[in-house]
Amino acid sequence: MELSENVKESTSSPDAAVHPIRKRMLSVSAATFLSRITGFVRDMLIAYGFGTGETSDLFYIGYRIPNMLRELFAEGTLSSAFIPELTRTLKEEGEERASRLMTAVSLLLCLILLVILVAGEVLAPVLFRILAPGYASNPDTRGVGVALIRLMFPFLLFISFSALAMGALNVQGRFFIPALSPVFFSAGLIAGVFFPSSLTGGHPVFGLAFGVLLGGLLQWVVQWGPLGKGRIHFLPSLGMREAWKDAGARKVLRLLLPSIGGLWVTQGNLLIATFFGSLMLSGTISALYYAMRLVQFPLGLIGAAIATVLLPVLSRQRLETGGTEQSIRTLADAYRLSLFFMLPASAGLVALGDPLIKLLFQHGSFAAQSTVMTREALWGYALGLWSFSGVRILVRVYYAHQDTRFPVWAAFWGLLTNLALSAALYRSIGILALAAGISVGSLVNQTIIFAGLKKYLTKTPWEIFGNTLPVLGASAVLYAGVRLFWQGVASVFPPQGSLWLAGEILPVIVLGLGLYLGITSLIGIREGVSIVREIRKIGKIGKKNPF
């Protein structure tokens, strides 16, 4: 069943309004799961080779800007301006006009990005001093850091065109390939780990930088291939002058400008962490990165998957029926589903943070002290996991109405909150302050975004929080159960190597999931009841067809 068919059904059935979200989310989640696994393999190899020291810090400082742009474009800013207009054009003016719009946006964006690229290459020394004042005072580290920024900055071109392809495919109801494309980025970076240091001036960290460029290129190409076979495709005959005259393309760029202007706001939280991290112990920046990678696993698997599917659905509902009541039901279902998974994920990460970090990263150059730093950062990030996901979901309402300004304003206040907390606490509680500051800032951001929803939904949708308290209680039980069970297993059978540790962690995770699903099903939480019902159906099918 195509997305357009699902949305049509939503006009006649209240329950059908949420069906496309759940169905498409499964496809995106499956692809995202594969991309997260390859991402962990990538990070494990980098951690093994570089640990959390000066060299790894320099790489992640240089990688911060292109990675920030990757997260910005891949997770919604470019798509938020592009998808609603492309959806409208495809519905009202047809495939040829939609293809023209995509081509015009691509050409104009290429021109803008080339200007940004040149500016980034020229201003790389200034950017490094701003990002990492703690390392900028040393000529050696400053030279390596500036070179890494310059080398990885062209990644911006690849990821921007990748985001355009993702938007065009999503509008056509194709979500799997765009969600799978980060696998190819990770593959490029893994290749960079093994890049011969003899070709990089004897400094292996430059191999990682080449891997970033290779990965970005692969992520772009893998999406533009399927796009050429779809209803919306690139028109080589369209020139730059015609592109500039295209009213739809200029509208997309006008919507994009507030988001680009707010780049240092929406993604500035990580820059704040990098700034203060450079003033702390060597390895702090790397530890923050590895902790965020653990948080991004459930966030990408569930939160980003829901948000990716939600925007095209809300855009179609707005065009077809005005979408007010339907949008409230769709938003409530999406947010409740996110909350159902994010709160227990936070509890699980806190309960099993230490053994998970040891299993995934504590090898080679990644020492025990690195684990301690990463664990503290993980605790701070886990505090805000539910709001990280919530922000992504709630802003889709604004994007569906082509409002890209208010989310930037809301994010600005979250940024100020983070800046104040980080500046006040980083000397006293260290890395925990930097991660917790991001979490509290996200909560402020989400609160402001939620308060403004009535502008587009006619009322404040309080029903999205309907399952919060019971889910919070069930998550607390999950934390206690997992923590007690892990302590018991680890004390009776002390881990003897990675395979042994993995063999102990897996049953603890399964127990925690079973405990959580059992509790939520028993107390009647809709999402828990639905999942348990599906598990029982699968079990019955297995009994009937054992082979």
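Glycine is treated like the rest: Cβ placed from N, Cα and C.
Per TrEMBL, the feature transmembrane segment maps to 101-128, 148-168, 175-195, 201-222, 297-314, 335-357, 377-399, 406-425, 431-453, 465-485, 505-525.
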Quiz prompt | Contact set, same chain, for the transmembrane segment (431-453): CB under 8 Å, 6 or more residues outside the stretch | solution = 269-270, 272-273, 276-277, 280, 284, 287-288, 291, 373, 376-385, 387-388, 390-391, 394-395, 397-398, 406-407, 409-411, 413-419, 421-422, 424-425, 460-461
Quiz prompt | Considering the transmembrane segment (148-168), which listed stretch of 201-222, 335-357, 377-399 counts the most C-beta pairs under 8 Å | solution = 201-222
Practice problem: Sort out the residues at least 6 away from either end of the transmembrane segment (201-222), same chain, that have Cβ-Cβ distances under 8 Å to it, and list them. | Solution: 46, 49-50, 55-56, 58-59, 62-63, 66, 70, 144, 147-148, 151-152, 154-155, 157-159, 161-162, 165, 177, 180-182, 184-195
Self-check item: Within-chain partners of the transmembrane segment (377-399) [C-beta distance under 8 Å, separation at least 6 from its ends]
Solution: 75-76, 79-81, 83-84, 287-288, 290-292, 294-295, 298-299, 302-304, 306-307, 310-311, 314, 327, 331, 334-335, 338-339, 342-343, 345-346, 349-350, 353, 357, 406-407, 431-440, 442-443, 445-446, 449-450, 452-453, 456-457
Quiz prompt | Remote residues contacting the transmembrane segment (335-357) - C-beta distance under 8 A, at least 6 residues beyond either end | solution = 21-22, 25, 290, 294-295, 298-299, 302-303, 306, 371, 374-375, 378-379, 382-383, 385-386, 388-390, 393-394, 464-468, 471-472, 474-476, 478-479, 482-483, 486, 490, 495, 501, 504-505, 508-509, 512, 516, 520, 525-528
